[in-house]
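Engineer: Encoded as structure tokens, here's the structure I'll be asking about.
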């Protein structure tokens, strides 16, 4: 018999507005403690310097966080022109300084080089792994290791303002994009150097128009709205349903008889219109609303659905 997991079987997603200097993992632990949740995780860390949207997944929602890792994101960044640092942000050591003699027109032309599909070499001060250790581990020890380029897509990079030597941009990009690297490369192209002074993630696909909350506000409001320390009703109402992470996937509705097979990992028949290799989200239309989402399946031969990620429990208001 397995060991009983500690905590509440609460499921859902909450959008935290991260402060500058906070660790993404620290925020996850704060939210987990506040909800007394069994499981918690984020959908892609933000650098300590960065602020903005950090989705925290609780319970069964953690099984679908990969889909947000794959999502496109939008950032607002303030670049300090004239100064290059070894980390490409304000936390690093200055390695170059140059006078800033660039016009808005020159910047607009240079930005065109960073649109569309481009190859990017991540900063050595990044969390990407090499032989099991993050690149920043080697950087701090002065060890040079290979950093393979990766293909990213920048959908847009628009100038918000240029005030003296500070350039503000809004960048809409694909997963895996390092804004610090774009700013550093832009500075080199302009011939004046640059680094990130401030960075804010303002949205992630699926969450463009949804409100965020700081951990402080969440904690304070929970105390005000709770009748006692075990009253989680207000907190649970702040959670988004776990399937919001997979809203872009096609829907397959099934009945209870098929749902029982699906929940036990058995293949079930899918619609003829489904595309081989696609992922779909599966719902039991006979169940209560909060129990309808069953998980994700892959479309295999003969339009059969192979369970891929299954929801095991449904006990949260947000499920």
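Every residue, even glycine, has its Cβ placed from backbone N, Cα and C.
What TrEMBL lists as domain 'Pseudouridine synthase II N-terminal' is 32-179. Residues annotated as active site, nucleophile in TrEMBL: 47. Residues annotated as domain 'tRNA pseudouridylate synthase B C-terminal' in TrEMBL: 180-246. Residues annotated as domain 'tRNA pseudouridine synthase II TruB subfamily 1 C-terminal' in TrEMBL: 250-311.
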Engineer: Could you check what DSSP calls residue 47 (active site, nucleophile) once collapsed to helix, strand or coil?
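Structural biologist: Once the DSSP labels are grouped into three classes, residue 47 (active site, nucleophile) ends up as coil.
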Engineer: For the domain 'Pseudouridine synthase II N-terminal' (32-179), would you mind checking the mean pLDDT of the predicted model?
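Structural biologist: Averaged over the domain 'Pseudouridine synthase II N-terminal' (32-179), the predicted model reaches a pLDDT of 90.
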Engineer: Count the residues of the domain 'tRNA pseudouridine synthase II TruB subfamily 1 C-terminal' (250-311) that DSSP assigns to helix (H, G, I), to strand (E, B) and to coil, and report the three numbers in that order.
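Structural biologist: Residue counts for the domain 'tRNA pseudouridine synthase II TruB subfamily 1 C-terminal' (250-311) by secondary structure: 14 helix, 26 strand, 22 coil.
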Engineer: Relative to the Cβ position of the residue listed as 'active site, nucleophile', how many further Cβ atoms are located within 10 Å?
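Structural biologist: Its Cβ has 21 other Cβ atoms within 10 Å.
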